[in-house]
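Take a look at the structure below.
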Amino acid sequence: MNSNVENLPPHVLRLVYKEVSALAADPPEGIKIYPSEEDITELHTAIEGPEGTPFAGGIFRMRLVLGKDFPAVPPKGYFLTKIFHPNVGHKGEICVNVLKRDWKAELGLRHVLLTIKCLLIHPNPESALNEEAGRLLLEDYAEYESRARLLTEIHAMGGPGGTSGAPQDPNDGPQPKKHAGDPTKRAGPSAAAVPAALGNGANGASTTTSNSISSSSTNVAGKKKADKKRALRRL
């Protein structure tokens, strides 16, 4: 989604920057703020799942996007962490009245964040984006709670089959080289291993050298004997 920084009037940008700075310095309970210096019109947050709900123990990442007509038009909210909730669509879009017909420019971003957190405590099945979650909430709360808890464990806190927050296996990732820095155990062929690694080539070279020396000695001795016989004939 494109930034709306250049589309907002300077006085609105100043107000947004002031409010975001105040939120970062003193965030609502259970909510963390991650402002972006590059794009003040997109606010990333993390909401702790409220106790007593299927979302307890989870950390749900979310973002608010301020459009070019903010604050006359409410921001849009999206959950980045997968969640099973009647008022959260499959793409993370959030349906809550404060972001629609109940919006007022003077409400501010703090009010929006607190309302979304309250939505985790009190879902509204009448304006459901996730129809299955809304139906289960009304007809079979135990099943709704089970489904919501399962997705919380998998996506928001780690757990059975999940990876978020799970400790990393010490065998994962690149491993240090064994015996690195130990001159007696460095990688590479040892002196004893060299002949074996070279195989017949090394032995063959040694044998060839010995045969050459032996052959040369035999030839010299034979030549001396022949020369001696010729000298005797002359006598």
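Even glycines carry a Cβ here, placed using N, Cα and C.
Curation plays no part in TrEMBL annotations; they are all automatic predictions.
It should be emphasised that the depicted structure is a prediction, and the values quoted were computed from it without experimental measurement.
Feature annotations, courtesy of TrEMBL:
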ACT_SITE  Cys95  active site, glycyl thioester intermediate
COMPBIAS  187-221  compositional bias 'Low complexity'
DOMAIN    11-157  domain 'UBC core'
REGION    155-235  region 'Disordered'
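Around Cys95 (active site, glycyl thioester intermediate), taking its Cβ as the centre, 18 other Cβ atoms fall within 10 Å, counting all chains.
Taken residue by residue, the domain 'UBC core' (11-157) breaks down under DSSP into 60 helix, 25 strand, 62 coil.
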